[in-house]
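Trainee: Below are the features listed in Swiss-Prot for this protein:
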COMPBIAS  125-148  compositional bias 'Acidic residues'
DISULFID  Cys79-Cys90  disulfide bond
DISULFID  Cys101-Cys118  disulfide bond
REGION    125-152  region 'Disordered'
SIGNAL    1-22  signal peptide
Amino acid sequence: MQGFFWKTLLVVALCGTSSSLAHRPLSYGEALELALSVYNSKAGEESLFRLLEAVPQPEWDPLSEGSQQLNFTIKETVCQVEEERPLEECGFQEDGVVLECTGYYFFGETPPVVVLTCVPVGGVEEEEEDEEEQKAEVEKDEEKEDEEKDRPKRVKRFKKFFKKLKNNVKKRVKKFFRKPRVIGVTIPF
């Protein structure tokens, strides 16, 4: 009975120490590859994304037990997620979405954790384009209204109300989809 107790205690001690051992060193390049792999597998996108640019991190410490940060930009490729092709074979889409991402690695956690935040690039330019499109639509609508002057005022008011409603819905939908995507996963070391 006493031998069983010591064997059990030894197994429990080994399991406890193996989970608290230091993580495998992770170079900056490996961290970028892992972050991109996590994004492509967890973001729920139809297309794969590939690294466009990485901001060098001279303070990156592969042996750190604390948190590490990396910044990079990714772009949508022509490959679909279901294809499971290597990213090197995938070219960038001509008008593909460009995302600016920040990754945080927390090596002090057991198991280590990575959290990614990605936001679309060019939000201000898109808003200006949206405003120009809306102005063009308003001008077209005013021309149509001039042609349809014979309609009753009630119809004109309803038409104007529904146009405003439609534009507000469009704005909110675009704003909703511009929100950053945040992904958090544990790293299997």
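The backbone N, Cα and C atoms fix where each Cβ goes, glycine too.
Note that the structure is a prediction, hence the values are computed from the model and not measured.
Describe the structural context of these features.
Mentor: Listed in sequence order, Leu48, Arg50, Thr77, Val78, Cys79 are the same-chain residues six or more apart from Cys90 (disulfide bond) with CB atoms under 8 A from its CB.
Within 10 Å of the C-beta of Cys101 (disulfide bond) there are 23 other C-beta atoms, taking all protein chains into account.
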Trainee: Taking the Cβ of Cys118 (disulfide bond) as centre, how many other Cβ atoms lie within 10 Å?
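Mentor: The Cβ of Cys118 (disulfide bond) has 22 Cβ neighbours within 10 Å.
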Trainee: Give me the count of other Cβ atoms within 10 A of the Cβ belonging to Cys79 (disulfide bond).
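Mentor: So the Cβ neighbour count for Cys79 (disulfide bond) comes to 20.
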